[in-house]
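S.K.: Annotation comment: Swiss-Prot describes 23-43, 47-67, 82-102, 108-128, 153-173, 258-278, 293-313, 319-339 as transmembrane segment, evidence class sequence analysis.
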Amino acid sequence: MALLAITALAGMDLAQWQALLNNVAFAISLGAMLFYWGGAAFPQMQLLAELGLAGMIGANLTMAALLTARWIDAGYFPLSNLYESLFFLAWGITALHLLALHWSRSRWVGVMTAPVVTGIVAFAALVLPEDMQVAQPLVPALQSNWLMMHVTVMLLAYAALLVGSLLSISFLIVTRGQEVHLKGNSLGLQFRPPQPQTHPEWAEATLPSPASELAYAGLRSPRPAPSSAELPPQPAPEGIPWQRLSLAEILDNTSYRLIGLGFPLLTIGIIAGAVWANEAWGTYWSWDPKETWALITWLVFAAYLHARITKGWQGRRPALLASLGFGVVWVCYLGVNFLGKGLHSYGWFF
């Protein structure tokens, strides 16, 4: 039986491999989402979070293989239609998921990003028509070296902004939408001893003890650190436990770093698109719906970064602004295509 399966796989052409990888990517991302949610419901079961992480890595590799097979089959980088761009966006989100997880060590990253990846892959694999899932020759407007430069950078920018915005939404959930005072500044620059790299719980970040601060500074405490039972109970400001406040600070700073990564990519992508538009259509800017919403997206996240850098915003207010940006990115990427008009209308199937 196994030999027959191997023989069948060996005899598949690239189109059949793409269809198989399409379905495998959906199954793995769905499994990762369920594992992450199971780990959230039962935080004592560390294996669930580890399986969720393994699922996201597997989904990332599967989608990379799918895009590579499509690239070889079509002879061009696979970003010519909505199906291909959806899979590239999902791949970018899984990659940035791993980066955000490395920065934060919080399972909230997977709880929030895995459903988005699953939804994107399900939409591409199950909703889009089959003829769009087959590689087609490039339309004349896309036969340019600017295709990879512009579209790739824009989709990576969308991925970074979406993951950063999702972590801002996580911040609002953790703090229950309350205004809280975070110990770090808006830039996330603060002397903090390293957190223990154990498997995180819902409140995975703990406050450092005085002894750990001394050890981090290269000093030794004159006496052993008191145990948690010996320490007096700490009041929880704003009625939120200390552990949640520490987790909220991690989410806030990680969100800020991802948006700080996505914004320059968005800027470069818009500039590259303007240069390409001038070559293809004779004008740098034509107020096409996609161009207009790209500008709106840029302004929203420019306001976010301006408020954090120059006004010192942190916590609830920038999180609300980033949450607004989450919806704006989706309108820019997908929503305007429902209009069925404009220079970017080839991205939809109606």
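All residue numbers here begin at 1 and follow the chain in the order shown.
In case you wondered, yes, glycine gets a Cβ from its N, Cα and C as well.
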S.K.: May I ask for the residues of the chain that lie six or more residues beyond the transmembrane segment (293-313) and have a Cβ under 8 Å from a Cβ within it?
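M.R.: The answer is 154, 161, 185-187, 256, 259-260, 262-263, 266-267, 270, 273, 321-322, 324-325, 328-329, 331-332, 335-336.
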S.K.: So if I exclude everything within five residues of the ends of the transmembrane segment (153-173), which remaining residues of that chain have a CB under 8 angstroms from its CBs? That is, six or more out.
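M.R.: Same-chain contacts beyond the flanks: 79, 85, 88-89, 92-93, 95-97, 100, 104, 108-109, 111-113, 116, 248, 251-252, 254-259, 261-263, 265-266, 268-270, 272-273, 294, 297, 301, 315-316, 318-320, 322-323, 325-326, 329-330, 332-333.
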S.K.: How about long-range neighbours of the transmembrane segment (47-67): same chain, 6 or more residues beyond its ends, C-beta under 8 Å?
M.R.: 18, 21-22, 24-25, 28-29, 31-33, 35-36, 38-39, 78, 84, 87-88, 90-91, 94-95, 97-98, 101, 107, 110, 113-114, 117, 121, 199-200
S.K.: What residues in the same chain, six or more past the boundaries of the transmembrane segment (82-102), come closer than 8 Å to it by Cβ-Cβ distance?
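M.R.: Cβ under 8 Å, 6 or more out: 25, 29, 53, 56-57, 59-60, 63-64, 66-67, 70, 109-110, 113-114, 116-117, 120-121, 123-124, 128, 132-133, 151-152, 155-156, 158-160, 162-163, 167, 254, 258, 333, 337, 347-349.
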